[in-house]
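**Student:** Just passing along the structure, written as structure tokens.
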């Protein structure tokens, strides 16, 4: 792709998200989401592969449906209450429709079915943008909505953690596993959103760091399925030693960074006298942990088949920048001791 076009598309991505983040009017928020969607479509379809074009079309239809529902909900709210302000949305019907529209846009269960299929059709770079940057604008709108009935967010959160863990168990494609991982992590964020918005935001930041480092590891190794992970020890032995820690951090094991948001969320749910929901959510995390352990096992304890039908690929040097990967990996592994400082900053 022409670098000028690439720069314009990336600028449009940033502009769309910024418009949504800074808007207080529903029409401007909707406009930012639309710019965001239209900017990423050429990036998704640039491979000119049937799978990429199919994924682009699925993504476009899904996002258009979510945006239309969002516009309809905000118009209904303006008709019923006379308010276009995001913070002034008070009617239960409009709030429910907006929550469902934004859930569709970010891939929360049970509106998640497009996400694994779309992510599987993309290359790892575009998949990284889709799994991280594209979550920011809808999540910012969810943070500003105060639901009249808290049950809807709790149900969405529980369903997402359950489906995200369950769906990834039988997958062999890394991008589909990361899609289900995304759904599970978003479930944790939505679950705590109404009780502690600052904690939901902290969970989002840690999710972005951990997912970015995982995508960059797979991109460096050119791995797209579990079997290809077994050749990574010969390509980058030092990175192969650290990658299990990244995956276990995504799973939420102490003493890694991924344990911090889950620990704080379970603590907050218990304070809100929701101990049964906290227990159920902790159990669903075990489902996710299983497939992270599968990836860890495949990467460190298995060797690639070296027969006629399964010869190892050429170990060509990668041209990828390693500084972002090194920074994100360090943060993914070692931020847990800084939890008090991070909590203080997030409250401020």
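Numbers here mean position along the shown chain, with the first residue as 1.
Cβ atoms are placed via backbone N, Cα and C, with glycine included.
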**Student:** Of 201-221, 306-326, 327-347, which range does TrEMBL call transmembrane segment?
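**Tutor:** TrEMBL lists transmembrane segment for residues 201-221.
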**Student:** So are the transmembrane segment (151-170) and the transmembrane segment (274-293) touching or not, going by 3+ C-beta pairs under 8 A with a sequence gap of 6 or more?
**Tutor:** yes
**Student:** Mind checking which residues reach the transmembrane segment (274-293)? Cβ under 8 Å, same chain, six or more beyond either end.
**Tutor:** 154, 157-158, 161-162, 164-166, 168-169, 171, 177, 180-181, 184, 187-188, 191, 247-248, 250-253, 262, 265-266
